[in-house]
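Feature list (source: TrEMBL):
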- 8-15, Arg60, 87-90, Lys98, 114-115: substrate binding site (BINDING)
- His9: active site, tele-phosphohistidine intermediate (ACT_SITE)
- Glu87: active site, proton donor/acceptor (ACT_SITE)
- His189: site 'Transition state stabilizer' (SITE)
Amino acid sequence: MPTLVLIRHGQSEWNQANRFNGWIDTQLSETGKKQAREAGKLLQDQELHFARAYSSVLSRTIMTVNRVLEELGQAYIPQVKTWRLNERHYGILQGEDKDVMRAKYGKEQVQTWRRSYSVLPPSSAGLSKTVTIDGRVYPAFDHRYAEVPYGLLPKSENIQTTEARVKPIFEEGILADLKQGKDVLVVAHGTSIRALTKLVEGLTPEEVTKVEIPNGQPILYDFSNDLTIKQKTVLGD
């Protein structure tokens, strides 16, 4: 009987700095690197052998999934890196300090942009290859998206549009593997994991807005052969 494990990446540099990350490619903080290792150690007692690991194309998930698999002695398994599992695009909030945005737009408005299922933050101006924050250059829309049709690249997203982006890789990749009885690891982001949680559990739009996804905490779904959820377990909770 298959098991699905979802893990939000370890703390990123911008999680630590209280900035909106989104599609900007930041690295793990030192705390995030430790969280990734700890997630792998938490999974050691589960006796899972993953057939495949999925992550976004952003460094913070790739760094996390590699550390998790190293701790499990499973670094050799196939990995699928896909833009469809990226964090939501935060529009004009992306790269900004969260407290500064709350002061500028109001706490309620920023919270609505962050957690509403269907309300979009104001769109960013364009699809720049890089962004510069505090004098440091970060990758944004670079060569990793070269094969993605231009019209699919977002300038702002909410949970609903992130779910629509995630759904194809869920149905054609993750779910297809589970139907074959395979154990699957997915390392993604807060909003893309919320979207996956909605798809897996059949949550309502209102329910999914209340889901909290801590950094580096494995969420296990044990399924029966017909993919009914037998048990959900959160490790390290």
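Placement of Cβ uses the backbone N, Cα and C atoms for every residue, glycine included.
Overlay of TrEMBL annotations on the structure.
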{"residue": "Arg8", "record": "substrate binding site", "Cβ within 10 Å": "29"}
{"residue": "His9", "record": "active site, tele-phosphohistidine intermediate", "Cβ within 10 Å": "32"}
{"residue": "Gly10", "record": "substrate binding site", "Cβ within 10 Å": "27"}
{"residue": "Ser12", "record": "substrate binding site", "Cβ within 10 Å": "27"}
{"residue": "Trp14", "record": "substrate binding site", "Cβ within 10 Å": "22"}
{"residue": "Arg60", "record": "substrate binding site", "Cβ within 10 Å": "29"}
{"residue": "Glu87", "record": "active site, proton donor/acceptor", "Cβ within 10 Å": "26"}
{"residue": "Arg88", "record": "substrate binding site", "Cβ within 10 Å": "30"}
{"residue": "Arg114", "record": "substrate binding site", "Cβ within 10 Å": "20"}
{"residue": "His189", "record": "site 'Transition state stabilizer'", "Cβ within 10 Å": "26"}
What's the number of neighbouring CB atoms sitting within 10 A of the CB on Tyr90 (substrate binding site)? 27
Closest of Arg88, Tyr90, Arg114, His189 to His9 (active site, tele-phosphohistidine intermediate), Cα positions, recorded positions only: His189
What DSSP gives for His189 (site 'Transition state stabilizer'), in three states, is coil
Top Cα neighbour of His189 (site 'Transition state stabilizer') in the set of binding-site residues Trp14, Arg88, Arg114: Arg88
Trp14 (substrate binding site): secondary structure state under DSSP, collapsed to three categories: helix
